Every structure is written in C-alpha cells, then in structure tokens.
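Here is the structure we will look at.
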Amino acid sequence: MTKAYSTRVLTFLILISLMAVTLNLFPTVEAKKRSRDAPIVKGLSWNFYQKACPKVENIIRKELKKVFKRDIGLAAAILRIHFHDCFVQGCEASVLLAGSASGPGEQSSIPNLTLRQQAFVVINNLRALVQKKCGQVVSCSDILALAARDSVVLSGGPDYAVPLGRRDSLAFASQETTLNNLPPPFFNASQLIADFANRNLNITDLVALSGGHTIGIAHCPSFTDRLYPNQDPTMNQFFANSLKRTCPTANSSNTQVNDIRSPDVFDNKYYVDLMNRQGLFTSDQDLFVDKRTRGIVESFAIDQQLFFDYFTVAMIKMGQMSVLTGTQGEIRSNCSARNTQSFMSVLEEGIEEAISMI
C-alpha cells in the first residue's frame, strides 16, 4: 500500500466516521434564500440600482465570465482584494486608491504587496463598462463587492444576494493602519477569534470566511515559518516535504496553491485539508487544532452546502463593515483615484511647468 493511498484511505475513514454523527450544530437552508434574510445596515438595500442601473449585476458577471475563462486565478485575487478592503477602514474601496502626494496607498503596505495588479485592472475595467451603460451612479465599492461574489460563483461556489448602496472613500489608510488591521497568516485561533470579534464577526463567521482559501495561491514567505528552522509538528509530513520542495528556502519567491485538492474550485475541500493537517498557514491549520473551532471545520468538511450557507451569511456581514452610504464619500469615476484628483493632477502639472519656465 503506497503512502499516498494510505492518506486517501485515512481521509475517507475520517469523513465516514464523522458523517455517522448527528449534526445539530447548524441548520441548513438554501444559500440564496438565506442571504436575503440577512440583516442589512441603514442606507443599503437589495435593489438599490433597480432604477438607476438595473443591469449592473449582469454587466459585471458577463464580463467576469470572459476574464476567468482566460485566467481563473483572478477570481481568488478579486475575492482577496474585497477581504483586504473591508478589513481596513471598511468596505469603501480605499484599497483601490493609488498613492498620492499625501503618501503611499494601502497597496504599498506589506500585506498587500502580493495582491495581483491585474485584478485591480479588472475592477477598473468593470467600472468603465458599468459607467458606459448607466453613467456615474454605481460605486467602486459596490462593483468590488459584486465582483467578489461573482468570483465565488464562477469558481463553483454559492450564489447569493449582495446588498448595495455603498459609497467610495475619499482617502486611503496609512501603511501602518493597513498592516495593523489585516490578520497575518501566523495568527493562531485565539488571535483570530479576538480580531474577528472586534469586527462583530463570530467564530462561525471566522471559519466560514477562512474557507475563501479554497481557491488561490500563497507566496512562500507567508508560510515558511512553519517549515524553517523547525517544522510545525501539526503539519502532515508528506505535505511538509512537498512544501519544502516548492520553497527550498524561507524567502523563496515561489508560490503554492492554498488548497491541494481542488485549487481552482470553490468547494469545501479546504476543510478536508485541515483535517488531514494540510492547511497552509498557521491561521488555517489552527482552526482544526483549536477545540473551539474544530467542530465547525469538521461540519463544513462533510457538508459542503452547510459551508456554502454560512459562507454567504458571513460574506454579507463582512461586506457591510463600516460602509459609507447616502451622501458620505463619493462615487468615483476612476476606482484608483478620487474624483478631484484628476483635476488636481492637471493643475499640479501646470504649476510645475510654469515654475520651470521662470
């Protein structure tokens, strides 16, 4: 019997034994219906653009189908940008802003250096398509929230309604603020639980949102602390050996898929990875190690629909964190710059040219 076969058999036996347990921890309902039952903050609504831009969701999904057909990896990249936006200042598209004379933008902060630049281009292209059809009425923050949802759906995950009506921020966070608000991959379960609780996200939300790692890639330095100088004892040895081949040194520039079983499919295999001690980050694997979150991991591993149901609820909750609504903020014409910046840039260039002629 080969080692790989033994691992598969062990996985199967674990899942079978867990399926024999009666699970009353979570109720299961249809994800789309459940999402509509989620509470929404004042200023957002399920049909915000019904009159101003009724086809906005169709425009975005149609374009993303083309984009992901060329590069499915962009689905995970867009989803990650949405997470990184919401966890810093709230879901107001500040992560999309490029740096300015006031300083570097959020994209220059260490946790955001590995965000794919092409994904930002995709968001701006969506902005242009929507604006061409409807005018400047749909915010970049709403476009990003819808694009994140469609990244999940078009990768095989659940469809869900997205409350709309967000406005775009007028400023980006400092690099320090950005760094301090994004949970690092070396956080353990206790640190994650506390961090999420500060955002009114509970333990189930934490485990469900972590399931976003079922797609995408990670750069070696984000997890090699578990390999060098000493190997994390919670890591499967065969998995560790594979990672060491991918990342021969702690600072290797190589990348590794987050989910070794189905890296480009949004499913529940991420939780199966954790049960087999094949989670990539400490923040992943410790969800199975810690008794407070282990049961949720096990439940999601054996019931994909259960995971989908709770993921959609958690995404809707996260997508409403510290949103701007009404007359707050603005609706950007270009997602990477404030509306006034285009004019100011021209003015500054004119002043510089005039000074050079003196």
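Note that Cβ sites are derived from N, Cα and C of the backbone, with glycine treated the same way.
Disulfide connectivity taken from Swiss-Prot links Cys335 to one of Cys140, Cys220, Cys247, namely Cys140. Reviewing Cys91, Cys134, Cys220, the cysteine that Swiss-Prot connects to Cys53 via a disulfide bond turns out to be Cys134. Per Swiss-Prot, Ca(2+) 2 is bound by Asp259, Ser262, Asp267; the candidate from Thr204, Thr214, Thr224, Thr312 named for the same site is Thr214. Looking up Asn112, Asn202 in Swiss-Prot, the residue bearing an annotation of N-linked glycosylation site is Asn202. Disulfide connectivity taken from Swiss-Prot links Cys220 to one of Cys91, Cys247, namely Cys247. Restricting the binding-site residues Asp85, Gly90, Glu92, Thr214 to those with a CA within 10 Å of the CA of Cys140 (disulfide bond) leaves Glu92, listed by sequence position. If you count neighbouring Cβ atoms within 10 Å for each of the recorded positions Asn202, Thr214, Asp267, the highest count belongs to Thr214. In this structure, the disulfide-bonded residues Cys91, Cys134 were compared by how many other Cβ atoms lie within 10 Å of their Cβ, and the smallest count belongs to Cys134.
Put simply, Thr214 (Ca(2+) 2 binding site) is 24 Å from Gly90 (Ca(2+) 1 binding site) when counted between their Cα atoms. Rounded to a whole number, the distance between the Cα atoms of Asp259 (Ca(2+) 2 binding site) and Asn251 (N-linked glycosylation site) is 21 Å. Summary of the Ca(2+) 1 site environment: with the site residues Asp85, Val88, Gly90, Glu92, Ser94 set aside, the chain residues having Cβ atoms within 8 Å of the Cβ mean position are Cys86, Phe87, Gln89, Cys91, Ala93, Val95, Glu106, Ser141, Ser169, Ala173, Ser322. Distance noted between the C-alpha atoms of Cys134 (disulfide bond) and Asp85 (Ca(2+) 1 binding site) is 25 Å.
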